[in-house]
Amino acid sequence: MKILLENPRSFCVETKRALSIVNLALKTWGKLIYVNHKIVHNNYIINNLKLKGVIFSKNINSILESSKLMLSKHSVPNKIKKTTLEKKIFIIDATCPLVKKVHKKIHYKNKNTYNVILIENSQHPKIQGTLERYQKNLKNSIYIVKSKKYAIKLTIKNTRNSIITAQITLSSEKIYPIITILRKKFPAIINSHENNICYATINRKTAIKHISKKIRHYSCH
């Protein structure tokens, strides 16, 4: 059997940072550290953290008052932060800086009466937090685009005050065909997606494509 290893692999910088934060929290306060979402898609690490005393809970109401709660790198809706204040829960914020950057951009454009076209997968935790940063009003709105089909059907009243952004971990193969359709339909629209790309995700997906070609090569010989 031939084993192929491709680079980059393992976790991104922000995932490593989140793991360091939760381990530091355990060292500082001991057991009963709550985390609102799985830090990493790795059951071995998650189970190991549970054994150390980390409690993963999406239900904010189940968290005891005056506890320690770590916000995972995916971010959380504002309503959760409000509840933590009411219950005097100490927050440890491990939100990915790139996710925060998208939140700030959407909040700023919202205040300045911009429409936002968000290319996304609405089931992802990152998006749940993002959507809450946008307050709909009579002057502007947020438009969710999940596919090329959604982009083709989309109608916007004022495209001059509109921007495109996207879930930072979506693949370029999914995003750019949608952006192409939107730019053709709405030439005045601003594409601000390039500054929000998670390059760790892109590099890993590129590596997977590269190694898949190697696998096909070896399987043919």
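Every residue, even glycine, has its Cβ placed from backbone N, Cα and C.
Over in Swiss-Prot, the protein carries these features:
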BINDING   Cys12, Cys96, Cys198  [4Fe-4S] cluster binding site
BINDING   His41, His74, His124  isopentenyl diphosphate binding site
BINDING   His41, His74, His124  dimethylallyl diphosphate binding site
BINDING   His41, His74, His124  (2E)-4-hydroxy-3-methylbut-2-enyl diphosphate binding site
DSSP secondary structure for His74 (isopentenyl diphosphate binding site), reduced to helix/strand/coil, please.
coil
By Cβ count within 10 Å, point out the most packed of the binding-site residues listed: His41, His74.
His74
To the nearest whole angstrom, what is the C-alpha distance linking His41 (isopentenyl diphosphate binding site) and Cys198 ([4Fe-4S] cluster binding site)?
17
Taking the binding-site residues one at a time (Cys12, Cys96, Cys198), which has its Cβ surrounded by the most other Cβ atoms within 10 Å?
Cys96
Show me the subset of Cys12, Cys96, Cys198 whose Cα is within 10 Å of His74 (isopentenyl diphosphate binding site); these are the binding-site residues I mean.
Cys96
Cβ-centroid neighbourhood (8 Å) of the [4Fe-4S] cluster site, Cys12, Cys96, Cys198 excluded:
Val13, Glu14, Thr15, Lys73, Leu98, Val99, Ile168, Thr169, Ala200, Thr201
